[in-house]
Amino acid sequence: MIVNDNQNILYVGIDFGYSKTVIMTSRGKSLSLKSLVGYPKDFVGLARLGRPYLVGDEAFEMRSYLHLRNPLLDGLLNPISEQDIDVTRHFISHIIKCAEPAAGEKVFAVIGVTPRFTAANKKLLLKLAQEYCQNVLLMSAPFLAGNSIGKASGSIIIDIGAWTTDICAMKGRIPRPEDQSSIAKAGSYIDERLKNSILERYPALQINANIARMVKEQFAFVGRPQLVAACEFRSAGKAVRCDVTEQVRAACESPFAEIAERIGAVLCVVPPEDQALVLKNIVITGAGAQIRGLPEYVKSMLAPYGDARVSIANEPLMEACKGALSMAQEIPPHFWGQL
């Protein structure tokens with residue numbers, strides 16, 4: 001890690017995700033919080049909270065009092081109204097406060113975002129972040145993750161998040177649009193498929209997206225079952241235990257046919273003489289990397305392209321943020337104004 005010699009600058013790396021956002025600073029502070037902002041439903045909530053809004057895990061814990069809002073809609077910023085923009089503004093304000101800049105200290109931040117972000121999304125996020133930071137740079141989250149794990153060239157990074165699966169061919173430079181692909185099939189897509197599949201098999205169960213996500217987080221796997229997914233649910237207010245192993249498998253596998261196609265498309269932008277080598281250097285990051293059996297399953301899906309080697313990053317939930325902080329520290333201070 002490069003040492004921060006300028007005591008008036010706090011470098012911040014941010015992985016801005018649909019479900020969770022991760023923050024790291026050049027002073028060693030690190031935290032993860034839910035990407036949520038909650039606003040009181042009525043005067044009862046306002047009196048109970050004593051604040052106009054709550055952010056992150058605190059908002060989720062107090063959700064019975066709140067209207068919960070996500071800064072991202074379908075994985076993108078939602079600039080439909082000024083209220084929507086305020087959600088993002090309040091969230092960014094909170095995470096910069098969490099970074100704890102000292103009085104008079106400048107904040108230089110690199111924010112990792114999905115390649116799915118449009119030019120309008122990037123412009124809006126930069127504008128809002130610049131209200132709280134002196135310098136801000138937006139970069140592709142899978143690209144940042146690849147740099148963090150030492151795969152800056154000759155590899156493909158697959159970043160499986162909550163809303164998008166992002167794929168990036170690492171070529172030793174900032175990726176161009178053709179070097180990346182993004183698909184809106186990831187954790188939330190699996191949650192919805194799992195919820196519907198369980199209800200189809202057990203229609204009397206009381207299950208929502210939160211329950212489906214908890215089941216997935218405990219039992220997620222692809223390929224051959226490694227354990228029985230026997231869970232306790234509620235039916236007519238009573239506890240019941242059901243085997244949902246097959247439903248978990250089917251839901252977790254559901255995005256990967258299209259993901260494999262997108263990996264193949266990204267592979268095609270690599271020079272043909274390098275494709276076999278790159279195919280042996282595929283790394284998965286993000287929360288989806290925790291799905292059991294994933295490297296072997298993705299390898300089998302890529303068989304038409306050749307002999308693939310697929311691995312999981314050492315810290316899949318942190319790599320994009322680590323890469324963002326490292327990038328922020330590597331950029332000379334006098335270069336920021338030129339970016």
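Cβ atoms here come from the backbone N, Cα and C positions, even for glycine.
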Annotated companion of Tyr18, Ser19, Ala162, Trp163, Thr164, Lys216, Glu217, Gln218, Phe219, Ala220 at the ATP site, Swiss-Prot, chosen from Asp57, Asp74, Asp243, Asp274: Asp74
Cβ atoms near Gln218 (ATP binding site) (within 10 Å, other residues, all chains): 11
CB within-chain contacts under 8 A for Asp74 (ATP binding site), separation at least 6: Trp163, Ala184
Diameter of the ATP binding set by C-alpha atoms, the set being Tyr18, Ser19, Asp74, Ala162, Trp163, Thr164, Lys216, Glu217, Gln218, Phe219, Ala220, in angstrom: 25
Around the Cβ of Tyr18 (ATP binding site), the count of other Cβ atoms that are within 10 Å: 21
